[in-house]
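Annotated features, as they stand in TrEMBL:
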type	residues	note
DOMAIN	50-160	domain 'FAD-binding FR-type'
BINDING	ARG109, PRO110, TYR111, LEU126, LYS128, MET135, SER136	FAD binding site
Amino acid sequence: MLSYFEDLPEKEDLLQDSDCCGNGCTNCILDNKPRPSKRVLLAGKRNVILSYTKFRLLRRQTLESGSDGQVLLLHFAHAAEEDGEGAEDTVLDIPPGHHVMMRVGSLLRPYSPYWSDFVAKEFRILVKLQPEGPMSRHLQAVQPNDLLEFRGPIGQYVHEPQPAKCIYIIAQGVAIAPTLPLVRQVLDNEDDMSRLWHLVCARDLQHVYFREEMLEFAQFWNYRSCLYLPHQQCDSPACQEAGHCAQECPQLRSNLRYKETAKVSRLDASELGNHLNPAIPGQRVLIVAGDSRFQKIMAQFAMQSLDVDPANIYML
Ligand SMILES: Cc1cc2nc3c(=O)[nH]c(=O)nc-3n(C[C@H](O)[C@H](O)[C@H](O)COP(=O)(O)OP(=O)(O)OC[C@H]3O[C@@H](n4cnc5c(N)ncnc54)[C@H](O)[C@@H]3O)c2cc1C
């Protein structure tokens, strides 16, 4: 079996300022050096993504193409043929809550996989293209078979199943993607008695991604979700006049599936307090996925309304 230090090439220890994407990520690569995990060490293999490695685009799917930009689903596989010998001694480990850095020339941008396969060395990301964004321009043009470079995993979140916790996961828009592995990690472990509240903020129902996955999660006793859709608007005259649907709008209700709960409002401190459930024991943990402004606001709301210890707040 490889020891920790054998698995960590010396050059990985020497992170330079230029390895940071400059986006002000909460979990900057300079403070969260990609390291081999226990899982990789136990497998006696090398994590193929610890240094920049080529991945081939297998699939590109456009999920949305509207006035507020395009959303792409990109599925990558390790390009073993580019890696020379030893590719069979590698795995791909991107733990839940961790992101990877994409590099195109000198341009670096972080992305958070929502699915990865340890043995097949594949992963998927959901990308919202930003108008005028340099990486967005590049991704707009990528096609299946193209090679792109990634490095990681970067992050600090670690979930301990015991003792059972009350975990609040708040996601904004496409940033719901990296929260899926966090939910699966709890639900897939029968011995994990932690409870999950998955609170998803989006413009409207059309901008809620992964509804199917959330419906699957809803079959578990320890999972609850709520959608916050402040701009939900159907074509009824009353909702058109109000600028958004009423909470009890029949069209909205008919578009919701079994066990889906939605509110036509923003998630604020008082609404967050409705999920407190003080009778349920367990340490409160908050995980926020979204842009930095959203993360800061939600952390403040949670400290006020859920009594979460700042030490148990994680920003993805
Ligand atoms: C830890 C981390 C993980 C991320 N994971 C993902 C991911 O899985 N999928 C994804 O699509 N993006 C993700 N991002 C954002 C991503 O890294 C890029 O910023 C984004 O793809 C745009 O890159 P760009 O070079 O085209 O534009 P940039 O030059 O980065 O941005 C162009 C403009 O868009 C704004 N902008 C950038 N991102 C957002 C956003 N999310 N919401 C609102 N405005 C924004 C910027 O402030 C800027 O004004 C993540 C960011 C961080 C910090």
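Count begins at 1; order follows the chain as displayed.
From the backbone N, Cα and C atoms, a Cβ is placed for every residue, glycine too.
Sequence features annotated in TrEMBL and their locations in the structure.
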residue : record           : Cβ neighbours (10 Å)
ARG109  : FAD binding site : 22
PRO110  : FAD binding site : 20
TYR111  : FAD binding site : 20
LEU126  : FAD binding site : 24
LYS128  : FAD binding site : 19
MET135  : FAD binding site : 19
SER136  : FAD binding site : 17
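Here the domain 'FAD-binding FR-type' (50-160) returns a mean pLDDT of 92 for the predicted model.
Break the domain 'FAD-binding FR-type' (50-160) down by DSSP state and the numbers are 14 helix, 55 strand, 42 coil.
The residues near the FAD site, meaning same-chain residues not in ARG109, PRO110, TYR111, LEU126, LYS128, MET135, SER136 whose C-beta sits within 8 angstroms of the mean position of the site's C-beta atoms, are MET102, ILE125, VAL127, LEU129, GLN130, LEU139, in sequence order.
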